[in-house]
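Engineer: Would you mind keeping the following structure in view while I ask a few things?
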Amino acid sequence: ELREVVRPLREPGYREALGRKAERARKRRLRLQRRKQEAKAAKEEEATRAAEREAKIDQWRAKCIQEVEEKNREQELKAAADSVLSEVRKKQADTKRMVDILRALEKLRKLRKEAAGRKGVCPPPSADEAFESQVESLKTLLKNRTELYEAEERALRVMLEGEQEEERKREMEKKQKKEREKLLQQKLEIDSKLFGDQDEFPLAHLLQPFREYYLQAEHSVAALIQIRHEWDQYLVPADHPEGSCIPPGWVLPSLPTNDTWATAVR
């Protein structure tokens, strides 16, 4: 039985076949391990991206909630101010109506006094003095109320104008912030086209010396003067046939015209 078991081991080529089989098994295990590691890395990367997306969503949601709350507070404050201003205007209208009524009473008494005088009936001077005293007292009261309501209206208008000015200032700041972010994004895109992506090409990359060369004017006044002097040598009028004006920013490279160039750019 033992001879029968070891007989295949003595056959020619058995050891090579067994080695190939073992090598295939080893490679299969390595492939499985590599796929498992790749799947794990992909899962972790997807989890990281999902966490980043969730964080951005939470940040965006918090920003939206804050904007809505600020807008609601502003609307509530404006509504309260408008309500108070409406009450003040109503009081002013009531005061004006009372003044008109008082003038009408004065006119009515004058007419009745003239009619009574034509009939030979004249009221005593004390009645005229009492009426005039009462009218003057009411006029003084109405005048004080009118001045008080006008002061309240001015204060409310100043407050509303201040709120509107703050709102305009906030809108302007938001607009300026968006413009700055837009310009920064454009600068990053231009830098990426000229010097490559910073995430893909770190500072120690071979393109770093070129980056430092082209950006030396931002860190050295002497380099700025030298570069400006070199540029000024080529200054010509705008209508000169052999020249053109200095570009206001970076001169971006044109798109690749063939596959070979595109491969080198990538």
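Including glycine, each Cβ sits where the backbone N, Cα and C put it.
Annotations in TrEMBL come from automatic prediction, not curation.
Pulled these features from TrEMBL for this protein:
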type	residues	note
COILED	161-189	coiled coil
COMPBIAS	23-34	compositional bias 'Basic residues'
COMPBIAS	35-53	compositional bias 'Basic and acidic residues'
REGION	16-53	region 'Disordered'
Engineer: Over the span of the coiled coil (161-189), how high is the average pLDDT in this prediction?
Structural biologist: 83
Engineer: Other than its close neighbours in sequence, what residues sit by the coiled coil (161-189), given a CB gap under 8 Å and a spacing of at least six beyond its ends?
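Structural biologist: That would be 74, 77-78, 81.
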Engineer: In the compositional bias 'Basic and acidic residues' (35-53), how many residues does DSSP call helix, how many strand, and how many coil?
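Structural biologist: The compositional bias 'Basic and acidic residues' (35-53) comes out at 19 helix, 0 strand, 0 coil.
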